[in-house]
């Protein structure tokens, strides 16, 4: 039997959505991670600026898997719904960036990266809402939502523009509305328990439920169908869930037919089918716009990629240290004992529905040749099926008025705390450190099949190394912003070039700093107009175009040295294929304290932010860039967004995120 949620359950749902939306906004990164995201973003831009879905393929843009389509143009094979949902955010971001194309492009992309936060928050809140209907205690329902939102890989993906968060919400909504419709039919008298009365009396007893009940059921089924129909417009592969939902609805209809409730038996497939129409219409429109036929999705060639042995895919997705579902989403371990309790309490439909939706995704992607999901965090493809699975843990703490606490309560609490802490700490590493950096980083161990190479450990190892460089004790000088990667074949710290500016930050008790700059450049290049600054004061305008060694007396305390020059581009003048704006080359950097001891030279260098699309996209994850943390506040000072507009944007994020978080906490206490 369905359990009625708390009378203030709407407030409860809104509270959780606001709380997690605020958290995700405050912890977002503000940039994309994959060419998949950039490709979907290009569709958003084309819709807004050109009124079509063509991906205008700049050879320098980080697009992926483009398909030829109408009139020989290029199109994205990915679902269009995320691109459509991003339209308001893209427009708002473009407006905020002003008239400068580079600035408006940055702010538009930044705004779009806010999309999946509220979507993931709503998914977590829906888990709690459904858990209440399954009889879970209020606090446990809240905790389930937080476990999903903060202790699984849903959190790192809330910071991306991948389509999986949208698919997760739609799948859970489709399942919850279908299940609620079935329970409502049963409670309203549409599908009563089997009667032992004679057929004539049973038929008399089988009077239809009130008309208003049928209206509510129709609305629930329509919403379920609407969400289900939108799944293929988000991810074509998400359509694997449709047969599971269809079987459940067929069973509902069959039960009504068996009990001679013919109107309800026809209502179930009809209302759900009507709900499918908008999503299917969008899919047909998108296919026609791209390929001129309603049946081409751009994925026809992918059918040949189901080549992985099933055992290999299952091992990788469930057990491997680098992709295991149970390591990247430990709270799903609570699903099995919770499902047993729900089954015993009569919620067998919910158990079968949750397991069916999960297994449909698991078995599909276990055979996929790229089951690991590419260079991403955890088992990305399984994310849409995590909410209905984690929902089954609702059975661990059921609402039993007057019943004494179970002696196993402390064990359950300990297990929940354990999986929550492990999940939070593990995925926090995926939030603080760009997972694309670790993917492209050369490591001595395999990143999927070995525990030392697993990103869950590797991210914290890399974070520790970078934080150590930023917090190493004095005496020390750190390479800062404006330095390109080392040009030494062996990976030594030097030599390396500056951009328009190269910054050094020193903390000493007073030292003599020696540096050698190679300012030579081809005759076709502009003169460098080399200038040195110490603590914002010009200390000299040395000769340009030479190799020169400088010895500087650095005052005690914190000192800031800046090397400034007019840049030159080797490709622009035909000197080489390198396409960067270069300043002088730092050949030597060393210093000694007053007592003769050497100072440490630390690598915290970050290259100038490129203007070209592909290098700019890679700047966020390129291993030579020693970003301290993968967070919007770290990147913002290094972008084109400067002055009052930058401060306004930062303030809006902080105030809005804090307000959402605070409002959610306050409403949650009232619910």
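Cβ coordinates come from backbone N, Cα and C, glycine included.
TrEMBL does not curate its annotations; it predicts them automatically.
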Matching range for TrEMBL feature annotation, transmembrane segment, among 217-235, 293-311, 350-368, 445-463: 350-368
Given ranges 54-74, 75-95, 138-158, the stretch to which TrEMBL attaches the annotation transmembrane segment: 138-158
Seg_contact(the transmembrane segment (236-254), the transmembrane segment (138-158)) with at least 3 CB pairs under 8 angstroms, min sep 6: no
Spatial neighbours of the transmembrane segment (110-132) far in sequence, C-beta under 8 Å, 6+ residues away: 3, 5-6, 9, 12-21, 23-25, 28-32, 41, 44, 82, 85-86, 89-90, 92-93, 96, 138, 140-142, 144-146, 148-149, 154-155, 157-162, 165-166, 168-169, 172-173, 176, 179, 350, 387, 390-391, 394, 632, 649
Interface present between the transmembrane segment (646-665) and the transmembrane segment (325-343) (three or more C-beta pairs under 8 A): no
Long-range neighbours of the transmembrane segment (413-435), counting only residues six or more past its ends (CB under 8 A): 27, 29, 33, 143, 147, 150-153, 155-156, 159, 327-331, 333-334, 375-378, 396, 455-456, 459-460, 462-463, 620-621, 627, 629-631
Maximum Cβ pairs under 8 Å to the transmembrane segment (138-158) - stretch from the list 266-286, 380-397, 646-665: 380-397
Contacting positions for the transmembrane segment (646-665) when only residues 6+ beyond its ends and CB under 8 Å are counted: 15-23, 25-26, 28, 96, 107, 110, 632-633, 636-637, 639
Close approaches to the transmembrane segment (380-397) from elsewhere in its chain (Cβ under 8 angstroms; 6 or more beyond its ends): 123, 126-127, 130-131, 134-137, 139-141, 144, 147-148, 152-154, 157, 162, 164-165, 167-169, 171-172, 175, 235, 237-238, 241, 317, 325, 329, 331-332, 334-342, 345, 347, 350-351, 353-355, 357-358, 360-362, 365, 368, 371, 373-374, 412, 416
